[in-house]
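Participant: Have a look at the structure that comes next, please.
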Amino acid sequence: MSKSFVELNDVKLRYSEGDELALETTNMKIDKGEFIAVVGPSGCGKSSLLKLVSGLMPPSEGNVIVDGKEVSGPLKIVGMAFQNPTLLPWRTTLDNVLLPMEIVKPHRNRLRKHRAEYEESARKLLATVGLEGHEDKYPWELSGGMQQRASLCRSLIHEPDLLMLDEPFGALDAFTREELWDILQNLWMIKPFTVILVTHDLREAAYLADTIYVMSKRPGKILVERENTLPRPRDQETTFTQPFTDLVHELRSHIRDVREA
Amino acid sequence: MKKKLNLRKATPWLSAIGLFVLWELIVRIFNIPPYVLPTPSESIIVGWQFHEAIWMHAYHTLYTTLAGFAIAVVFGVVLGALVGSSRAIYDAANPLLVGFNSVPKVALVPVLVMWFGIGTVPAIITAFLISFFPIVVNVATGLATLEPELRDVLRSLGATRRDILIKVGFPRAMPYFFASLKVAITLAFVGSVISETVASNVGVGYLMLSASSKFNMPLVFAGLLVIAVMGIAMYEIFNVIERRSTKWANRGNPTN
Ligand SMILES: Nc1ncnc2c1ncn2[C@@H]1O[C@H](COP(=O)(O)OP(=O)(O)OP(=O)(O)O)[C@@H](O)[C@H]1O
Ligand SMILES: [Mg+2]
């Protein structure tokens with residue numbers, strides 16, 4: 001019997017009546033604690049896929065099952081981060097990171113009384129992404145990369161079972177990006193949570209994911225499901241090894257086929 | 001640096017003084033009779049002669065304006081919150097609001113007089129009617145322009161509409177709200193003075209009307225100056241409040 005954490009069964013998505021499908025019959029099975037990456041051409045429905053899984057949008061056909069239950073409204077435990085950090089400019093970095101605690105149960109009822117304890121864990125998390133000493137700054141006082149780190153902390157602070165990342169490193173320089181790969185991989189290895197990462201960067205997919213899905217042009221559907229068994233923790237060295245470069249080349253040729261199709 | 005700052009502070013005063021000097025010179029050079037256009041010095045002198053009466057009327061106008069403005073703030077925030085947080089209410093209310101805003105409020109004063117009689121009540125209502133619109137629009141805009149991604153982040157944490165409104169909507173709408181107060185308070189003055197002019201026996205508007213019927217032009221202009229000064233003072237107060245309370249909206253840019 002299936003014991004997947006996330007399951008998409010013959011899911012189709014159409015934004016409005018008479019429109020072309022945004023997502024063509026899609027099936028996926030993601031295990032608990034699995035790190036998957038989705039790659040594909042622009043407009044193929046990757047962001048839509050995230051919205052379907054997190055219950056922000058219902059599928060037009062088929063169903064989405066998370067943790068054994070059919071998704072019928074927004075899940076309440078998902079962490080999300082986007083390319084745009086979307087921090088609240090009137091809150092300090094620390095307060096931005098604590099935002100989920102003000103919303104998610106049971107934390108929202110405990111926060112006032114145990115504020116110090118929550119702040120402590122937020123500070124700790126910020127330190128792991130290299131933002132020690134910046135807790136009391138406002139987002140506009142941080143660089144883009146620092147804001148993105150804070151945004152990542154905000155998506156993780158409540159220890160979500162499911163993390164949705166929509167090109168979170170897309171706007172960063174190569175060094176910061178690879179540094180954040182390591183940070184994310186570390187956090188995930190210490191206490192695995194299920195991750196769906198949407199990315200344009202094939203090296204990023206190969207570096208981070210256990211399974212990589214390649215999607216077709218609109219109407220998007222999954223064309224390739226590729227296991228990635230490179231040993232963990234992966235690091236800079238891994239990216240120079242033959243298996244890694246082979247994997248990236250293979251993914252690249254899939255994408256090329258998709259684009260030409 | 002310091003010198004530059006002082007100069008910036010002095011600029012509005014200099015321009016005001018410059019305007020008065022120019023006005024004074026034009027009247028004197030072209031020998032314009034006072035019943036057409038009095039000099040500012042004359043207006044100020046006459047204003048001082050009548051200062052007790054002016055003070056009484058100005059106080060009344062200020063009271064009327066602030067009362068109408070206060071109602072406009074409460075009403076504007078509530079309506080703005082409704083319009084800004086629900087698509088359906090927006091669709092229903094928008095044409096009505098725009099239509100209502102296009103009606104010149106002076107045309108409503110006779111109606112208000114029929115209902116409430118001559119005096120303070122129509123003036124307060126006129127001040128309210130003329131000033132609530134920008135508040136509604138700005139509050140609604142601030143609430144409605146929430147980034148969809150941020151909304152997704154919050155909803156997938158299990159946030160209710162109320163959570164989103166309190167945690168993000170209202171703080172985000174604050175700069176819009178305060179910006180609208182500056183506009184609304186000056187409009188409220190327009191409203192109360194219009195109504196006093198048409199239908200009252202107190203207030204600066206009434207004072208000016210009665211002065212002009214006695215051909216006392218300097219007193220009319222003294223009244224105008226008093227209104228202008230009150231308007232500027234109120235605008236400045238709300239300007240300061242805005243800057244103090246929404247520093248983040250300037251993203252730390254050093255705007256004086
Ligand atoms: N709100 C919407 N209403 C109508 N159509 C939409 C909406 N959002 C997305 N679409 C369409 O659905 C398709 C998939 O969009 P989606 O945002 O999921 O693509 P994507 O794979 O994330 O693209 P990108 O890589 O550029 O972010 C696109 O062709 C887009 O035009
Ligand atoms: Mg996208």
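Note that Cβ sites are derived from N, Cα and C of the backbone, with glycine treated the same way.
Heads up, here are the entries from TrEMBL:
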| type | residues | note |
| --- | --- | --- |
| DOMAIN | B:58-238 | domain 'ABC transmembrane type-1' |
| TRANSMEM | B:12-30 | transmembrane segment |
| TRANSMEM | B:62-84 | transmembrane segment |
| TRANSMEM | B:96-118 | transmembrane segment |
| TRANSMEM | B:124-146 | transmembrane segment |
| TRANSMEM | B:176-195 | transmembrane segment |
| TRANSMEM | B:215-238 | transmembrane segment |
Participant: Taking the transmembrane segment (B:124-146) as reference, which of B:12-30, B:62-84, B:96-118, B:215-238 has the most Cβ pairs under 8 angstroms?
Facilitator: B:62-84
Participant: Can you say which of B:12-30, B:62-84, B:176-195 has the most Cβ pairs under 8 Å with the transmembrane segment (B:96-118)?
Facilitator: B:176-195
Participant: Against which stretches of its own chain does the transmembrane segment (B:62-84) lie, if we need a Cβ under 8 Å and a gap of at least six residues from its ends?
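Facilitator: Hits for the transmembrane segment (B:62-84): 90, 93-94, 97, 120, 123-129, 131-144, 165, 169, 173, 177, 180-181, 184-185, 188-189, 191-192, 196, 203, 230, 234.
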